[in-house]
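Asker: Got a structure here, written out as structure tokens. Questions coming.
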Ligand SMILES: *Cc1c(COP(=O)(O)O)cnc(C)c1O
């Protein structure tokens, strides 16, 4: 019910709306990905790297002072403790193994904030593969430390110079590259977005998060099933991974949080579910923010990783079917939640992850509830925003 059909549709969402010249590439990926992902050799190599390179399993930590504050049981799934500081490596490890098995030597990716670019450059260095990352010129200036990381890792960062010079423009450049280099190149997408089979493939690679939550919760409290799973949603990959193995367990309430920026009515927002409507972005049918002419509008959020005008098609389907609930969270709310976690638990979260934590005061938990919140990444990269907002230099 929550898996895509043969053509990649989750209900009415998803599919593969791509230029004709990309059809052979997508067809080849479609033909191979499931068989490779499910093969014993892939599973062995993937899990070995997850364990010994990424540092998995990531802990499921009982946040006791946070639990006391909200009078319930709050567990943090610590994706921030992965190598490179977020869940993104789970996906890039999987796709780089897939690329190798398909005989591809050249890896391309696009990145907005640079986090996916760094995770891609990391696994390319690990595997000795050529890496080209497209990034909007504006983003390159805003995210200079990540550009430097990618270069240190041996990747070539190519500026996208069209449009607003942000993520959408970088995506166009990457697609153009893929059309021009169909046989030797693997396009490594960073979230549960893009044409089929990417959303399904990335969800499967991030599903390790919910697989571990089940095992860890069973061990700690004697049940596999929490009452709530809460995760932030940019494109939706850490949320998809956190939800994946609970989709058929109707008693588990799934909550996604999207970035409202300055507020859902402010015009400065990235809440594509609260503010968007249905259209096509990045090769797939989903909710996105567009103007009356169908032009995609520039999103805004303080959190660079949630600053995306669309949402993965799985989430659009989960929203419409009522299986998951999505709540908007403003910049301000996320900053306060980041400070709260830091002061109560000694964990500085990424601003993206703080969007998940920010719904805790809005919920009505019972004292016996088991609540899992995915901390998708660590906050080091966001210290500049924290320094400014909390006046930490005075
Ligand atoms: C990229 C990123 C996100 C948003 O991406 P999803 O695909 O929605 O998970 C969230 N948190 C962190 C730390 C990120 O780096």
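The count begins at 1 with the first shown residue.
From the backbone N, Cα and C atoms, a Cβ is placed for every residue, glycine too.
The domain 'Tryptophan synthase beta chain-like PALP' annotation in TrEMBL covers 54-377. Residues annotated as N6-(pyridoxal phosphate)lysine in TrEMBL: 88.
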Asker: Note down the number of other Cβ atoms within 10 Å of the Cβ of residue 88 (N6-(pyridoxal phosphate)lysine), including every protein chain shown.
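Answerer: Other Cβ atoms found within 10 Å: 27.
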Asker: Where does residue 88 (N6-(pyridoxal phosphate)lysine) sit in DSSP terms: helix, strand, or coil?
Answerer: helix
